[in-house]
Amino acid sequence: MNRPLLIAPSVLSADFSRLGEEIAAVEDAGADWIHLDVMDGHFVPNITFGAPVIAMARPASRRHFDVHLMIAPADPFLEAFAAAGADTITVHAEAGPHLDRSLQAIRKLGKRAGVALNPATPVSAIQHVIDRLDLVLVMTVNPGFGGQAFIPAMVEKIRQVKALVGDRPVDIEVDGGITAETAGSVVAAGANVLVAGNAVFRGGASAYRGNIEAIRAVAELERGERA
Ligand code: DX5
Ligand code: ZN
């Protein structure tokens, strides 16, 4: 019943001038998924990259590409992100009026469908689309930037998402301020996919393995998978 624990480094904190190398380096250091943050300067107050960059980065790794769309509207671009090599495509519940339609479109493209919830968005936003979902992303900071402080009130929200998901095969992902210090509480509440930007990429390439392992150790301990 327990979903596998997955560590997903966010390349937002990588050196974009060497994106392919950075992705290969975190894969080599033990990353389970690669988390790619797409920002449009409209839905969130920052701009990153789009589908062409993801397509160029795709050959760098065979790991699952977890694409987090912080863009509005998202629907006109879903096909491009699918073609670029996304495995999971996550849209924000707040980004458009037709979440049900967006999720259907993602699955129709043959991709796993995710919904992200901003800190102020209630869990009820996904109640009626729960059977169209493969992943729920609980934002543990306000999206837009790496290196922000974890919002503790989100732990209770993760519990509520876990209760809603029940036995369905749905991943519960957390994103923002995840470190070896905060990983335990989110895993205890039910999260199984941990996104981490700063906490993975700090210290340069030689530190990536230790950084990932530090988060994994805390999470596995909490799950009773490590003594
Ligand atoms: C925030 C992004 C995150 C970000 C997390 O808007 O969605 O994926 O990279 O960065 P850290 O782990 O540094 O908070
Ligand atoms: Zn993200």
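Along the chain as shown, the residues are counted starting at 1.
Each Cβ is built from the backbone N, Cα and C atoms, and glycine gets one as well.
Under the heading substrate binding site, TrEMBL lists SER10, HIS68, GLY144, PHE145, GLY146, GLY147, ASP175, GLY176, GLY177. Among the features that TrEMBL reports, divalent metal cation binding site is placed at HIS35, ASP37, HIS68, ASP175. For ASP37, the entry in TrEMBL reads active site, proton acceptor. Among the features that TrEMBL reports, active site, proton donor is placed at ASP175.
The structure, with features from TrEMBL marked on it.
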{"residue": "SER10", "record": "substrate binding site", "DSSP class": "strand"}
{"residue": "HIS35", "record": "divalent metal cation binding site", "DSSP class": "strand"}
{"residue": "HIS68", "record": "divalent metal cation binding site", "DSSP class": "strand"}
{"residue": "GLY144", "record": "substrate binding site", "DSSP class": "coil"}
{"residue": "ASP175", "record": "substrate binding site", "DSSP class": "strand"}
Near the Cβ of ASP37 (divalent metal cation binding site), how many other Cβ atoms are there if near means within 10 Å?
24
Rounded inter-Cα distance in Å - GLY177 (substrate binding site), HIS68 (divalent metal cation binding site):
16
So how many other Cβ atoms are close to HIS68 (divalent metal cation binding site), meaning within 10 Å of its Cβ?
28
About how far apart, in whole Å, are the alpha carbons (Cα) of GLY146 (substrate binding site) and HIS68 (divalent metal cation binding site)?
13
Cα-Cα distance linking HIS35 (divalent metal cation binding site) and ASP175 (substrate binding site), given in Å to the nearest integer:
10
Rounded to an integer, what is the Cα-Cα distance in Å between ASP37 (divalent metal cation binding site) and SER10 (substrate binding site)?
7
Integer Cα-Cα distance in angstrom, GLY144 (substrate binding site) to HIS35 (divalent metal cation binding site):
14
Going along the chain, which residues six or more apart from HIS35 (divalent metal cation binding site) have their CB under 8 A from its CB?
ALA8, PRO9, SER10, VAL11, ASP66, HIS68, ASP175, VAL195, GLY197
If the divalent metal cation site is taken as the center of the Cβ atoms of HIS35, ASP37, HIS68, ASP175, which further residues of that chain fall within 8 Å of it by their Cβ?
ALA8, SER10, LEU12, LEU36, ASP66, THR90, LEU137, VAL195, GLY197
Of ASP37, HIS68, GLY146, ASP175, binding-site residues neighbouring ligand 2, Cβ under 6 A:
ASP37, HIS68, ASP175
Across the listed substrate-binding residues, SER10, HIS68, GLY144, PHE145, GLY146, GLY147, ASP175, GLY176, GLY177, what is the farthest Cα to Cα distance, given in whole Å?
17
